[in-house]
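Q: Would you mind keeping the following structure in view while I ask a few things?
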């Protein structure tokens, strides 16, 4: 079942006991970021938060941690909120296979209610605030940024919907970080080679399917809107922009239309990133905003990012793991069981697999390094047996404890590529990578004493299912 | 004009005032683009107490790396 818009999802979270409204007065800084970071520290099942009494504002509402837990991730897919993580993974993989789902086009949208084209001041329109103490300013970091391929503008799939960090750098001005690997950097390059500005739309406060699709590492010509439809199981609703041919999520709370300025770079950052470190002090492109629309009394959705785990890690966990799973399946369709690439966007990945013969698991680990996502991530790949749940870290630690022999099972490959944000890479973007084989040795690799593995009492799985239903 | 806590330029200006009159103002520095709110902790608002590791020397700003790189025709 699809959520109509952001408010519809918030209503479901509230009904399911997964939304905490903070009515007490809070200061924009440091309270909202501090409360959100504190919420992340309380575990993996925390609620979203809605702040509706913010000092100095009359009617601002700020939503945080909206997808910052596994129950909220399950509800994103309209699954029961206590759906186990591994089941969420397989359900996401099943829906990923439904891609592409055609879109549904609309003529008007709720965000058309209020339109501003003169004297735009983003600092007045949005209740902006600082996230981390070293940040260079106020950021927007959970919005969908939409742009088109200028050389192939009719290609719907080459229209990109991505989430990028954006620093508010003036009343109608944003800095944006499109690193060269990002799709929007391809569009910007095309525009700059022509000497033209690149039209962009920024949509804030969306229902969660498009946010999830926008944060999924899709191929360049795959449409995030058609993936959002696949994830929610219904066509995704979009509406045209007024100043360009770009398509906008119908249910957005706030929409900014503007253009990326060709040939402009300006000092940006720093900004606390998902690696748990700041990055910045570089010169980055600038967006000029020409038109703003929003719903009456819009809800500002924002995302605290910082030392993991935060909402980001829940938002890009499963949707990073599933493409890697599919790419490994292409090579080893009968062996790959599941992939957990949730640690710092997949810098650490865990793969569970069957083994055909000795040495096979190491080959699976090496293949992960050469997948598209692996080229920038997968610094450490842990390979475990098919009956070890890669999402259950105590099980993975058990496999490492008992199955791995450091002399035989630790493989280091020197000087491979990694994302430049990896603070350990040296030079930036280059690192050694490691495969740890924590699978049971199979012939002809006969070593260790693994002939008497423990089994469970009869009917444990039936009891597990029954208990889960009783606890629902 | 206000003093930027980060790069200490004297050119920062008010970019927003609280909807509730007198609660706070937001300032922005046109030199290093630092942005802050008047009621933030002193470690943010006071140039003397701003974290030294995050200070910006205006002389370094023109040398910052371009990300992504600019096509050749834009490089003077």
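Our numbering is plain: 1 for the first residue shown, then up by one each step along the chain.
Cβ atoms here come from the backbone N, Cα and C positions, even for glycine.
TrEMBL: automatically predicted annotations, no manual curation.
What TrEMBL records for this protein is below:
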type	residues	note
ACT_SITE	A:273	active site, proton donor
BINDING	A:160, A:182, A:224	Mn(2+) binding site
BINDING	A:160, A:161, A:162, A:163, A:164, A:165, A:181, A:182	prenylated FMN binding site
DOMAIN	A:10-87	domain '3-octaprenyl-4-hydroxybenzoate carboxy-lyase-like N-terminal'
DOMAIN	A:106-308	domain '3-octaprenyl-4-hydroxybenzoate carboxy-lyase-like Rift-related'
DOMAIN	A:314-438	domain '3-octaprenyl-4-hydroxybenzoate carboxy-lyase-like C-terminal'
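What's the neighbourhood like for these features in this structure?
A: Counting only residues at least six positions away in the same chain, the Cβ atoms of A:165, A:279, A:305, A:421 sit under 8 Å from the Cβ of residue A:273 (active site, proton donor). In the three-state DSSP scheme, residue A:273 (active site, proton donor) falls into the coil class.
Around the Cβ of residue A:160 (Mn(2+) binding site), the number of neighbouring Cβ atoms within 10 Å comes to 26.
In sequence order, A:141, A:142, A:143, A:144, A:145, A:211, A:214, A:215 constitute the residues six or more apart from residue A:163 (prenylated FMN binding site) in its chain with CB-CB distances below 8 Å.
On the 0 to 100 pLDDT scale, the domain '3-octaprenyl-4-hydroxybenzoate carboxy-lyase-like N-terminal' (A:10-87) averages 97 in this prediction.
In terms of DSSP helix, strand and coil, the domain '3-octaprenyl-4-hydroxybenzoate carboxy-lyase-like C-terminal' (A:314-438) has 44 helix, 37 strand, 44 coil.
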Q: For residue A:161 (prenylated FMN binding site), just count the other CB atoms lying within 10 A of its CB, please.
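A: Total other Cβ atoms inside 10 Å, all chains included: 29.
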Q: Take the domain '3-octaprenyl-4-hydroxybenzoate carboxy-lyase-like N-terminal' (A:10-87) and count its residues per DSSP category (helix H/G/I, strand E/B, coil), listing them in that order.
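A: Counting residues per DSSP class in the domain '3-octaprenyl-4-hydroxybenzoate carboxy-lyase-like N-terminal' (A:10-87), I get 27 helix, 14 strand, 37 coil.
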Q: Under a three-state reduction of DSSP output, how is residue A:161 (prenylated FMN binding site) classified: helix, strand, or coil?
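A: Where residue A:161 (prenylated FMN binding site) sits, the three-state DSSP reduction gives strand.
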Q: Among all the protein chains here, how many other CB atoms are within 10 A of the CB of residue A:164 (prenylated FMN binding site)?
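A: Excluding its own Cβ, the number within 10 Å is 22.
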Q: Could you give the maximum C-alpha to C-alpha distance in Å for the residues A:160, A:161, A:162, A:163, A:164, A:165, A:181, A:182 that bind prenylated FMN per the record?
A: 15
Q: Does DSSP give residue A:224 (Mn(2+) binding site) helix, strand or coil?
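A: It is helical.
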Q: Under 8 Å between C-beta atoms and at least six apart in sequence, can you list the same-chain neighbours of residue A:162 (prenylated FMN binding site), or say none if there are none?
A: A:144, A:145, A:182, A:183, A:184, A:214, A:224
